[in-house]
Ligand SMILES: N[C@@H](CCC(=O)N[C@@H](CS)C(=O)NCC(=O)O)C(=O)O
């Protein structure tokens, strides 16, 4: 694992010393938007019009943030319109790579060996982390956006007039409730598992893991009287929660020590996760081989021998 400093790759683990043992996530830097007419979005510059076959998505099947984008691409039927690359699950001294391996889809655009080359191609002086997902413009050869919450939003609606499937996962009338729930889910769960798992001090881990399970308890209660987090149908916040829950027992419970309870011990959350897993073709975006091999294999400070556990055996049927 590493990062780019003025376009040069440095192999370096997260710095938690300067933050007292806490893992602090950095903001994504590429923030342009694809829009129906090519006008600027809520952030960034204009010029990225929704056109079939113009954009490419770089993801990791292991990564929950990338999976949000992958799920939206699937729900909106954009597979033919937005091409895809999938990195190798192992993230080592060169960060994400396109090294051959099970289910890897190489980079057809730059033929890069490493994802950081996509970043330096777009900005030869880039400084920062090299993360997935990355939404890339093949026409102008630049990164449009590398922030999954924004990529989800643009895929939700920008391509509606050029052949996307119907479905609005961020409906106008529910936006304020969705935003509020997104905040809880992001801080409490999506980033919560990382804050527990990457903590480097006992008291920080205990504090974070307790907070995580308090939010899971709250969500379990919330789902006792309703099927979805907000309103009567699935919205983006359900998919944002799903990507963490679907990894919970296979990766976070063991590798990140989020083990106060298994997800399967929560009847409502477990029912909900299985339902979303079986929704349309969403299960095709969930790759447990990549998930387990990435987490257990890529963090030597947590699991130095990189042994990947065989279990658990999960029954996803509904
Ligand atoms: N805020 C970003 C976070 C993306 C992210 O952290 N992705 C992880 C994989 S799960 C990554 O690529 N990490 C590489 C690194 O931090 O060096 C988003 O939501 O898109």
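Heads up, the Cβ atoms here are built off N, Cα and C, so glycines get one too.
Taken straight from TrEMBL:
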ACT_SITE  63  active site, nucleophile
BINDING   96, 129, 130, 131, 132, 147, 148  glutathione binding site
DOMAIN    171-298  domain 'GST C-terminal'
ACT_SITE  194  active site, proton donor/acceptor
SITE      252  site 'Lowers pKa of active site Cys'
SITE      295  site 'Lowers pKa of active site Cys'
Recorded positions close to ligand 1 - of 131, 194, 252, 295, only those whose C-beta is under 6 Å away
131
Which three-state DSSP class does residue 148 (glutathione binding site) fall into?
helix
Nearest of the recorded positions (63, 194, 252, 295) to residue 147 (glutathione binding site), judged by Cα-Cα distance:
63
How long is the line from the C-alpha of the residue listed as 'active site, proton donor/acceptor' to the C-alpha of residue 96 (glutathione binding site), rounded to the nearest angstrom?
18
For the domain 'GST C-terminal' (171-298), would you mind checking the mean pLDDT of the predicted model?
98
Just how spread out is the glutathione site if you go by the largest Cα to Cα distance in Å among 96, 129, 130, 131, 132, 147, 148?
17
Min neighbour Cβ count (10 Å) across recorded positions 96, 194, 252, 295 flags 194
Rounded Cα-Cα span from residue 295 (site 'Lowers pKa of active site Cys') to residue 252 (site 'Lowers pKa of active site Cys'), Å
9
Of all the binding-site residues given, namely 96, 129, 130, 132, 148, which is spatially nearest to the residue listed as 'active site, nucleophile' at the Cα level?
132
Can you give me the same-chain residues 6 or more apart in sequence from residue 132 (glutathione binding site) with a CB-CB distance under 8 Å?
58, 59, 60, 63, 65, 66, 87, 96, 115, 146
Using DSSP reduced to three states, classify residue 252 (site 'Lowers pKa of active site Cys') as helix, strand or coil.
helix
Within 10 Å of the Cβ of residue 148 (glutathione binding site), how many other Cβ atoms can you find? Include all protein chains, please.
27
For the domain 'GST C-terminal' (171-298), the number of residues DSSP places in helix, strand and coil:
92 helix, 0 strand, 36 coil
Taking the Cβ of residue 147 (glutathione binding site) as centre, how many other Cβ atoms lie within 10 Å?
20
